[in-house]
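If you check TrEMBL, you get these features:
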DNA_BIND  61-80  DNA-binding region
COMPBIAS  1-17  compositional bias 'Basic and acidic residues'
COMPBIAS  25-38  compositional bias 'Basic and acidic residues'
DOMAIN    38-98  domain 'HTH tetR-type'
REGION    1-38  region 'Disordered'
Amino acid sequence: MSRHDGDSNAVADRKADTMSSHPASSDETRTRRANKGEERRAAILDAVERLLEDRTLDEINISDISRAAGVTRSGFYFYFDNKAKAVAALSRTVYGEMQEGARGYLAREGSPREMIDGLITEVIGTWERHPNLYRALRDARDSDPTVREMWDHDRFSFVDPVASVIDAERTSGRAADGPDSRALAVVLLDMNDRAVESLSRGGPEALTPETAREALVAVWLNSIYGSKL
């Protein structure tokens, strides 16, 4: 092979190396941009939850959120159409915590009382960790149809898993026969929501976290297990 051929090959190799490096560089740039975008979105959501500690959703405006998050108003609107949508995005965190807390129940770990007590304790505990967010979410769902739809979707995502546990407990003989399992799951989950709403409203007639937990556990146990307890 001639020296000219060797030089040509070396140049070609360098070009190939340079060309192959561009996709990696572009990928890294896209990753950095995506990470930066996620950081800004997270900062907005964190700002919303912090502001809700002292004010209601109606008392907070987009400028307040933008300043607290360190972004521009247009930066806020890049991620969310309005403040109700931002609250709805935060609700996904709440439901994620509830799903994590429901693992023991859905896996049918422990006695019936242990299963249900663990589930209800997590429902009440999630509210105790995010009381202001719950109140804001209640207001947002009443004012924004999209938020209401998201709320209902997340809430009903628990129906089939709970109904499956009821069916499995009946098949095993641990639970008593009763009404349609899915209908029962809907009623029980609605009751959870009503109890949390009572906690959120407050006032002299409101439930306390402990009385709510005790009442919910009792109703769930008797509704599913009945005379089998």
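Yeah, the Cβs are placed from backbone N, Cα and C, and that goes for glycine too.
TrEMBL labels come from automatic prediction, so no person has curated them.
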Composition by DSSP (helix, strand, coil) of residues within the DNA-binding region (61-80): 15 helix, 0 strand, 5 coil
Per-residue pLDDT averaged over the domain 'HTH tetR-type' (38-98), given as an integer: 92
